[in-house]
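Noted in TrEMBL for the protein shown:
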- Gly86, Leu87, Ala88, Val89, Met90, Gly91, Asn109, Arg110, Thr111, Val151, Lys152, Ala153, Asn179: NADP(+) binding site (BINDING)
- 231-501: domain '6-phosphogluconate dehydrogenase C-terminal' (DOMAIN)
- 1-54: region 'Disordered' (REGION)
Amino acid sequence: MGGPTFLRWSNRRQAGPMACHQDSAPPFRLASAGKPRPEPQGASGIRTRPGSSSPYAPCTSGLLASARSAAAAVAAMAQADIALIGLAVMGQNLILNMNDHGFVVCAFNRTVSKVDDFLANEAKGTKVLGAHSLEEMASKLKKPRRIILLVKAGQAVDDFIEKLVPLLDIGDIIIDGGNSEYRDTMRRCRDLKEKGILFVGSGVSGGEDGARYGPSLMPGGNKEAWPHIKAIFQGIAAKVGTGEPCCDWAFEEWNKTELDSFLIEITANILKFQDADGKHLLPKIRDSAGQKGTGKWTAISALEYGVPVTLIGEAVFARCLSSLKDERIQASKKLKGPQNVPFEGDKKSFLEDIRKALYASKIISYAQGFMLLRQAATEFGWTLNYGGIALMWRGGCIIRSVFLGKIKDAFDRNPGLQNLLLDDFFKSAVENCQDSWRRAISTGVQAGIPMPCFTTALSFYDGYRHEMLPANLIQAQRDYFGAHTYELLAKPGQFIHTNWTGHGGSVSSSSYNA
């Protein structure tokens, strides 16, 4: 019969490698009569072309060669060390920070025109790459692929994860840098682990300036991801020991003491900042504070686990109260406070009282924060390095403060420390501030000045240091109206109900803690 005398080779040349078929049978060729005969082989058993003793590439070799070629093409495209999705100010600054430290970043944004604008302006002259689709972004990443999501916490994170998973391979890494609620992070970590994807939830603190020049990064999640992101994260994170910024006079003095911290620094700069008209800007800003949720989530967690994180709670409620601006304007016209009497004391001495009140309140706030961490560790079986956590906040983070090093020292001395206030250093520090703390608060109360965090911090301290609290009355009331029972000091663990009215009966409700 007519036709090719070497079917496999001819088909491979004409139809390309995908026309070849792999099988486990020995190689055959078609003779003119159409009968199969073994293909000619050289002395070594290697297949040869008809009429030639030179070996030829069989079908599988062609496929492998094509695969290698395709892989090489993909590898040539894969130039980026990491990708970042979300080109708001934090995202842009974090990309530029990574670029400064020698990492090639691929930028993507849901509104793709922002990618082009970013490359043409802020990222001009850098090695930053752009992508106009998630598929293009994935193709430009080295493996394991590392992708940072810097989008709004909540559903937006889940939506992007759903779109990314089909584009990723086992061992690729998704990093959520949007300060998500920790239970969302735990869920995503668990769900993606089942798909072979490594998930990291990372706090990014320090604001836009921190993102650009060195944030505090707090990664957690699948620990298998850490070796693959460690160099990038530690490269771009803030380094402790940088130069001090200029401060206004009072805050400059405070910043040379135990209060040396980021928020004191920026407060000084804000107070002295002048608008274009030469007048101070701060009094012109509407006194209605916004919030993005991290304080609220902390307060919710504190309530859930029964930990009195009162300062963060009061700070959140103070913002809520500030948001009632129009209502407060009306109230200010009807509700009267104490008579406005000018301060007649020693201003320098009183400023020192305020400084010490602030220092003591900050200690209380950190003590409460570590109480919540300890309780969460108990709830979830975590092993936390509390001293290491303190050091992680020393640079880049908006709560960074010099005395964070003292917190590490406290946990180094006693890894099982129940509360920072029980450490000798912090115990002495608070006792040294106590008189000033009380004077500052009483002066403010007499003047009708709201001081929610100062006052709640002192209330916590006084409550924590008292062996007996009036909670026995609360528990008696609960038993009176709801038969919720109580314990006696002499019989802890034994719950008792009293028939307070003489006609309520002896049946009690079940005992539980919400």
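Glycine too: its Cβ is placed from the backbone N, Cα and C atoms.
These figures come from a predicted structure and were not determined experimentally.
Features recorded in TrEMBL, as mapped to the structure shown.
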{"residue": "Gly86", "record": "NADP(+) binding site", "Cβ contacts under 8 Å, 6 or more apart": "Asn109, Leu149, Leu150, Val151, Gly178"}
{"residue": "Ala88", "record": "NADP(+) binding site", "Cβ contacts under 8 Å, 6 or more apart": "Leu150"}
{"residue": "Met90", "record": "NADP(+) binding site", "Cβ contacts under 8 Å, 6 or more apart": "Leu150, Val204, Glu208, Ala211"}
{"residue": "Thr111", "record": "NADP(+) binding site", "Cβ contacts under 8 Å, 6 or more apart": "none"}
{"residue": "Lys152", "record": "NADP(+) binding site", "Cβ contacts under 8 Å, 6 or more apart": "Gly178"}
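In this structure, the binding-site residues under consideration are Asn109, Asn179, and the one with the smallest number of other Cβ atoms within 10 Å of its Cβ is Asn179.
Residues belonging to the domain '6-phosphogluconate dehydrogenase C-terminal' (231-501) score a mean pLDDT of 86 in the model.
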